[in-house]
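Here is the structure we will look at, set down as C-alpha coordinates.
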Amino acid sequence: MLLCIDCGNTNTVFSLWDGTRFLGTWRTSTEWQRTADQYFVWLTTLMRHNQLEVTIDEVIISSTVPRVVFNLRVLSDRYFNCRPLVVGKPECRLPVNPRVDEGTQVGPDRLVNTAGAFDRHGGNLVVVDFGTATTFDVVDDDGAYVGGVIAPGVNLSLEALHQAAAALPHVDVTKPQRVIGTNTVACMQSGIFWGYVGLVRGICDRIRGERDRDMRIVGTGGLASLFAQGDVLFDRIEDDLTMHGLTVIHQHNKETA
Ligand SMILES: Nc1ncnc2c1ncn2[C@@H]1O[C@H](COP(=O)(O)OP(=O)(O)OP(=O)(O)O)[C@@H](O)[C@H]1O
Ligand SMILES: CC(C)(CO)[C@@H](O)C(=O)NCCC(=O)O
Ligand SMILES: [K+]
(Lines of atoms letter the chains of each structure in order from A; the text may use other names.)
(Lines give C-alpha, C1' and ligand atoms only; values in the text may rest on other atoms or scores of the structure.)
(Ligands and ions follow the chains in the order given, each with its own letter.)
Protein backbone atom coordinates (compact mmCIF):
# COMPACT_ATOMS: atom_id res chain seq x y z
CA MET A 1 0.00 0.00 0.00
CA LEU A 2 1.30 3.47 -0.97
CA LEU A 3 1.18 6.40 1.46
CA CYS A 4 1.14 9.78 -0.34
CA ILE A 5 2.15 12.83 1.71
CA ASP A 6 1.53 16.36 0.43
CA CYS A 7 3.12 18.82 2.79
CA GLY A 8 2.23 22.48 2.20
CA ASN A 9 3.23 25.56 4.18
CA THR A 10 -0.08 25.46 6.08
CA ASN A 11 -1.36 21.88 5.99
CA THR A 12 -0.01 18.38 5.48
CA VAL A 13 -2.29 15.82 3.83
CA PHE A 14 -1.83 12.04 3.99
CA SER A 15 -3.67 9.73 1.55
CA LEU A 16 -3.62 5.95 1.23
CA TRP A 17 -3.56 4.64 -2.35
CA ASP A 18 -4.31 0.97 -2.97
CA GLY A 19 -3.35 1.14 -6.68
CA THR A 20 -6.91 1.89 -7.82
CA ARG A 21 -8.37 4.35 -5.37
CA PHE A 22 -7.71 6.43 -2.28
CA LEU A 23 -8.86 4.57 0.84
CA GLY A 24 -8.61 7.58 3.12
CA THR A 25 -7.32 11.15 3.35
CA TRP A 26 -6.30 12.92 6.57
CA ARG A 27 -5.11 16.46 7.19
CA THR A 28 -2.92 17.97 9.89
CA SER A 29 -1.22 21.35 10.29
CA THR A 30 2.37 21.54 9.05
CA GLU A 31 4.82 21.68 11.95
CA TRP A 32 8.43 20.80 11.44
CA GLN A 33 8.78 19.89 15.12
CA ARG A 34 6.34 16.98 14.80
CA THR A 35 8.22 13.73 15.27
CA ALA A 36 7.95 10.44 13.38
CA ASP A 37 6.37 8.87 16.46
CA GLN A 38 3.71 11.58 16.60
CA TYR A 39 2.86 11.13 12.92
CA PHE A 40 2.60 7.39 13.39
CA VAL A 41 0.27 7.53 16.40
CA TRP A 42 -1.94 10.09 14.64
CA LEU A 43 -2.09 8.16 11.38
CA THR A 44 -2.71 4.72 12.86
CA THR A 45 -5.47 6.11 15.10
CA LEU A 46 -7.26 7.55 12.09
CA MET A 47 -6.72 4.41 10.01
CA ARG A 48 -8.16 2.28 12.80
CA HIS A 49 -11.08 4.70 13.13
CA ASN A 50 -11.76 4.08 9.42
CA GLN A 51 -11.40 0.31 9.88
CA LEU A 52 -8.37 0.26 7.60
CA GLU A 53 -6.12 -2.65 8.50
CA VAL A 54 -3.54 -2.35 5.75
CA THR A 55 0.23 -2.50 5.51
CA ILE A 56 2.01 0.57 4.19
CA ASP A 57 5.18 -0.43 2.37
CA GLU A 58 5.77 2.52 0.03
CA VAL A 59 5.85 6.27 0.68
CA ILE A 60 6.02 9.31 -1.61
CA ILE A 61 6.45 12.84 -0.24
CA SER A 62 6.05 16.29 -1.75
CA SER A 63 7.07 19.02 0.65
CA THR A 64 7.22 22.78 0.16
CA VAL A 65 8.80 22.96 3.64
CA PRO A 66 12.28 21.38 3.55
CA ARG A 67 12.54 21.01 7.34
CA VAL A 68 9.62 18.60 7.71
CA VAL A 69 11.12 16.04 5.34
CA PHE A 70 13.55 14.74 7.95
CA ASN A 71 10.89 13.43 10.33
CA LEU A 72 8.77 12.10 7.46
CA ARG A 73 11.82 10.13 6.30
CA VAL A 74 12.21 8.75 9.81
CA LEU A 75 8.50 7.82 9.78
CA SER A 76 8.94 5.84 6.54
CA ASP A 77 12.10 4.16 7.67
CA ARG A 78 11.09 3.29 11.23
CA TYR A 79 7.46 2.34 10.82
CA PHE A 80 7.02 1.35 7.17
CA ASN A 81 10.46 -0.07 6.57
CA CYS A 82 11.00 1.78 3.32
CA ARG A 83 12.91 4.65 1.77
CA PRO A 84 10.47 7.33 0.69
CA LEU A 85 10.49 8.87 -2.77
CA VAL A 86 10.85 12.64 -2.28
CA VAL A 87 9.71 14.85 -5.16
CA GLY A 88 12.37 17.36 -6.14
CA LYS A 89 15.28 15.14 -5.06
CA PRO A 90 17.57 13.92 -7.86
CA GLU A 91 16.60 10.26 -7.28
CA CYS A 92 12.92 11.04 -7.95
CA ARG A 93 12.37 11.06 -11.73
CA LEU A 94 9.60 13.20 -13.21
CA PRO A 95 7.61 12.10 -16.27
CA VAL A 96 8.80 15.29 -18.02
CA ASN A 97 11.47 17.70 -16.77
CA PRO A 98 10.51 21.33 -16.13
CA ARG A 99 11.77 24.02 -18.49
CA VAL A 100 12.65 27.01 -16.31
CA ASP A 101 15.60 29.32 -15.66
CA GLU A 102 18.75 27.51 -14.56
CA GLY A 103 19.05 27.19 -10.80
CA THR A 104 15.28 27.57 -10.20
CA GLN A 105 13.87 25.22 -7.57
CA VAL A 106 10.27 24.80 -8.67
CA GLY A 107 7.95 24.04 -5.74
CA PRO A 108 7.44 20.27 -5.61
CA ASP A 109 3.67 20.79 -5.25
CA ARG A 110 3.68 22.56 -8.62
CA LEU A 111 5.62 19.72 -10.26
CA VAL A 112 3.17 17.24 -8.76
CA ASN A 113 0.13 19.25 -9.89
CA THR A 114 1.64 19.39 -13.38
CA ALA A 115 2.12 15.61 -13.52
CA GLY A 116 -1.37 14.93 -12.17
CA ALA A 117 -3.12 17.36 -14.51
CA PHE A 118 -1.19 16.22 -17.60
CA ASP A 119 -2.03 12.59 -16.84
CA ARG A 120 -5.74 13.38 -16.70
CA HIS A 121 -6.10 16.06 -19.35
CA GLY A 122 -3.05 16.10 -21.63
CA GLY A 123 -1.10 19.27 -22.37
CA ASN A 124 -1.75 23.00 -22.73
CA LEU A 125 -3.14 23.48 -19.26
CA VAL A 126 -3.03 25.97 -16.46
CA VAL A 127 -3.37 24.53 -12.96
CA VAL A 128 -4.64 27.07 -10.43
CA ASP A 129 -4.00 25.95 -6.83
CA PHE A 130 -5.52 27.89 -3.91
CA GLY A 131 -3.13 27.02 -1.06
CA THR A 132 -0.98 29.17 1.19
CA ALA A 133 -0.06 30.90 -2.07
CA THR A 134 -2.32 31.00 -5.12
CA THR A 135 -0.22 29.41 -7.84
CA PHE A 136 -0.65 29.07 -11.59
CA ASP A 137 1.31 26.26 -13.22
CA VAL A 138 1.60 26.32 -17.00
CA VAL A 139 1.79 22.84 -18.55
CA ASP A 140 3.17 22.60 -22.09
CA ASP A 141 1.80 20.24 -24.74
CA ASP A 142 4.37 17.57 -23.82
CA GLY A 143 3.54 17.78 -20.10
CA ALA A 144 6.48 19.96 -19.07
CA TYR A 145 6.08 22.59 -16.37
CA VAL A 146 7.15 25.76 -18.19
CA GLY A 147 6.58 28.41 -15.55
CA GLY A 148 3.65 30.22 -14.05
CA VAL A 149 2.55 32.75 -11.50
CA ILE A 150 2.73 32.99 -7.69
CA ALA A 151 0.21 35.30 -6.03
CA PRO A 152 -0.55 35.71 -2.32
CA GLY A 153 -2.94 33.12 -0.95
CA VAL A 154 -6.51 34.06 -0.11
CA ASN A 155 -6.29 33.39 3.64
CA LEU A 156 -2.88 35.06 3.74
CA SER A 157 -4.29 38.25 2.17
CA LEU A 158 -7.17 38.31 4.64
CA GLU A 159 -4.80 37.77 7.53
CA ALA A 160 -2.47 40.52 6.28
CA LEU A 161 -5.37 42.98 6.06
CA HIS A 162 -6.44 42.14 9.61
CA GLN A 163 -2.86 42.32 10.95
CA ALA A 164 -1.99 45.62 9.30
CA ALA A 165 -5.14 47.63 9.93
CA ALA A 166 -6.34 48.14 13.50
CA ALA A 167 -9.99 48.56 12.51
CA LEU A 168 -10.22 45.53 10.22
CA PRO A 169 -11.46 42.34 11.84
CA HIS A 170 -10.72 38.75 10.91
CA VAL A 171 -13.27 37.63 8.30
CA ASP A 172 -14.07 34.37 6.51
CA VAL A 173 -14.04 34.00 2.76
CA THR A 174 -17.55 33.83 1.32
CA LYS A 175 -19.28 35.03 -1.80
CA PRO A 176 -20.92 38.40 -1.03
CA GLN A 177 -24.29 39.11 -2.61
CA ARG A 178 -23.17 42.52 -3.82
CA VAL A 179 -19.88 44.15 -4.82
CA ILE A 180 -20.56 47.33 -2.86
CA GLY A 181 -20.32 46.45 0.81
CA THR A 182 -22.33 48.54 3.29
CA ASN A 183 -20.38 47.41 6.36
CA THR A 184 -16.72 46.65 7.07
CA VAL A 185 -16.98 42.88 6.88
CA ALA A 186 -18.97 43.02 3.63
CA CYS A 187 -16.42 45.43 2.13
CA MET A 188 -13.54 43.11 3.02
CA GLN A 189 -15.33 40.03 1.76
CA SER A 190 -16.06 41.78 -1.50
CA GLY A 191 -12.45 42.83 -1.90
CA ILE A 192 -11.20 39.31 -1.36
CA PHE A 193 -13.88 37.43 -3.29
CA TRP A 194 -14.23 39.69 -6.34
CA GLY A 195 -10.56 40.59 -6.18
CA TYR A 196 -9.50 36.95 -6.53
CA VAL A 197 -12.12 36.23 -9.17
CA GLY A 198 -10.62 39.10 -11.17
CA LEU A 199 -7.06 37.99 -10.43
CA VAL A 200 -7.68 34.44 -11.64
CA ARG A 201 -9.62 35.58 -14.72
CA GLY A 202 -7.05 38.24 -15.61
CA ILE A 203 -4.00 36.04 -15.20
CA CYS A 204 -5.50 33.13 -17.13
CA ASP A 205 -6.50 35.46 -20.00
CA ARG A 206 -2.99 36.88 -20.10
CA ILE A 207 -1.40 33.42 -20.03
CA ARG A 208 -3.58 32.41 -22.98
CA GLY A 209 -2.58 35.61 -24.78
CA GLU A 210 1.12 35.12 -24.11
CA ARG A 211 1.03 31.51 -25.30
CA ASP A 212 -1.22 32.44 -28.23
CA ARG A 213 -3.31 29.28 -27.95
CA ASP A 214 -6.21 27.93 -26.01
CA MET A 215 -5.33 26.55 -22.59
CA ARG A 216 -7.67 24.54 -20.40
CA ILE A 217 -7.81 25.73 -16.80
CA VAL A 218 -7.92 23.23 -13.92
CA GLY A 219 -8.71 24.54 -10.44
CA THR A 220 -7.66 22.77 -7.24
CA GLY A 221 -7.24 23.50 -3.51
CA GLY A 222 -9.82 24.17 -0.83
CA LEU A 223 -11.22 27.40 -2.27
CA ALA A 224 -11.45 26.62 -6.00
CA SER A 225 -15.14 25.75 -5.91
CA LEU A 226 -15.98 28.90 -3.94
CA PHE A 227 -14.31 31.20 -6.49
CA ALA A 228 -15.92 29.29 -9.35
CA GLN A 229 -19.22 30.72 -8.09
CA GLY A 230 -18.08 34.20 -9.15
CA ASP A 231 -17.34 33.61 -12.85
CA VAL A 232 -16.60 30.79 -15.29
CA LEU A 233 -12.98 30.44 -14.20
CA PHE A 234 -12.23 26.73 -14.64
CA ASP A 235 -12.84 23.99 -17.16
CA ARG A 236 -12.46 21.50 -14.32
CA ILE A 237 -12.19 21.51 -10.53
CA GLU A 238 -10.35 18.57 -8.99
CA ASP A 239 -9.79 18.41 -5.27
CA ASP A 240 -7.52 15.36 -5.44
CA LEU A 241 -5.20 16.69 -8.16
CA THR A 242 -2.05 16.88 -6.00
CA MET A 243 -2.64 13.40 -4.57
CA HIS A 244 -3.27 12.04 -8.05
CA GLY A 245 0.00 13.64 -9.22
CA LEU A 246 1.87 11.86 -6.42
CA THR A 247 0.54 8.47 -7.58
CA VAL A 248 1.52 9.33 -11.19
CA ILE A 249 5.10 10.22 -10.19
CA HIS A 250 5.35 7.14 -7.97
CA GLN A 251 4.18 4.88 -10.81
CA HIS A 252 6.59 6.55 -13.23
CA ASN A 253 9.52 5.84 -10.90
CA LYS A 254 8.47 2.19 -10.57
CA GLU A 255 8.18 1.75 -14.31
CA THR A 256 11.54 3.35 -15.05
CA ALA A 257 13.42 1.72 -12.15
N1 LIG B 1 -14.75 29.11 2.91
C2 LIG B 1 -13.51 28.96 3.34
N3 LIG B 1 -12.92 29.96 4.05
C4 LIG B 1 -11.66 29.85 4.48
N5 LIG B 1 -10.89 28.79 4.25
C6 LIG B 1 -11.40 27.77 3.57
C7 LIG B 1 -12.72 27.78 3.07
N8 LIG B 1 -12.94 26.62 2.40
C9 LIG B 1 -11.80 25.91 2.50
N10 LIG B 1 -10.88 26.60 3.19
C11 LIG B 1 -9.50 26.22 3.54
O12 LIG B 1 -8.87 25.59 2.49
C13 LIG B 1 -7.91 24.71 3.05
C14 LIG B 1 -7.64 23.59 2.10
O15 LIG B 1 -6.86 24.11 1.08
P16 LIG B 1 -5.53 23.49 0.57
O17 LIG B 1 -5.23 22.20 1.22
O18 LIG B 1 -5.58 23.56 -0.87
O19 LIG B 1 -4.48 24.58 1.04
P20 LIG B 1 -3.79 24.84 2.42
O21 LIG B 1 -3.71 23.60 3.20
O22 LIG B 1 -4.44 26.03 3.06
O23 LIG B 1 -2.36 25.33 1.89
P24 LIG B 1 -1.02 24.51 1.67
O25 LIG B 1 -1.34 23.35 0.78
O26 LIG B 1 -0.14 25.53 1.03
O27 LIG B 1 -0.59 24.08 3.02
C28 LIG B 1 -8.49 24.21 4.34
O29 LIG B 1 -7.48 24.14 5.34
C30 LIG B 1 -9.50 25.26 4.72
O31 LIG B 1 -9.05 25.98 5.85
C1 LIG C 1 4.73 28.76 -4.14
C2 LIG C 1 4.58 27.66 -3.10
C3 LIG C 1 4.79 28.25 -1.70
C4 LIG C 1 3.14 27.14 -3.20
O5 LIG C 1 2.92 26.09 -2.33
C6 LIG C 1 5.57 26.50 -3.38
O7 LIG C 1 5.30 25.94 -4.61
C8 LIG C 1 7.00 26.95 -3.34
O9 LIG C 1 7.56 27.10 -2.28
N10 LIG C 1 7.62 27.15 -4.52
C11 LIG C 1 9.01 27.51 -4.69
C12 LIG C 1 9.20 28.55 -5.76
C13 LIG C 1 8.65 28.18 -7.13
O14 LIG C 1 7.78 27.30 -7.27
O15 LIG C 1 9.10 28.78 -8.12
K1 LIG D 1 -1.88 22.32 -1.49
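Quick reminder: no glycine exception, Cβ is built from N, Cα and C everywhere.
When the candidates Thr132, Thr134, Thr135 are compared with the ATP site entry in TrEMBL, which names Asp6, Cys7, Gly8, Asn9, Thr10, Asn11, Thr12, Val13, the shared residue is Thr132. If you take the CA of Asp6 (ATP binding site) and look 10 A around it, the recorded positions you hit from Asp109, Asp129, Thr184 are Asp109.
Around the Cβ of Thr10 (ATP binding site), the same chain contributes Ser29, Thr30, Gly131, Thr132, Asn155, each under 8 angstroms and 6 or more positions distant in sequence. Long-range C-beta contacts of Gly107 (substrate binding site), restricted to its own chain and to partners at least six residues apart, with a cutoff below 8 Å, comprise Thr64, Thr135.
The ATP site in the record is lined by Asp6, Cys7, Gly8, Asn9, Thr10, Asn11, Thr12, Val13, Thr132, and its two most distant CA atoms lie 14 Å apart. Residues near Asp109 (active site, proton acceptor) in space but far in sequence (CB under 8 A, at least 6 apart, same chain), listed by position: Asp6, Gly8, Ser62, Thr64, Asp129, Gly131, Thr135, Thr242. Note: Arg110 (substrate binding site) has non-local neighbours Val127, Asp129, Thr135, Asp137, Tyr145, Gly148, i.e. same-chain residues 6+ apart with C-beta under 8 A of its own C-beta.
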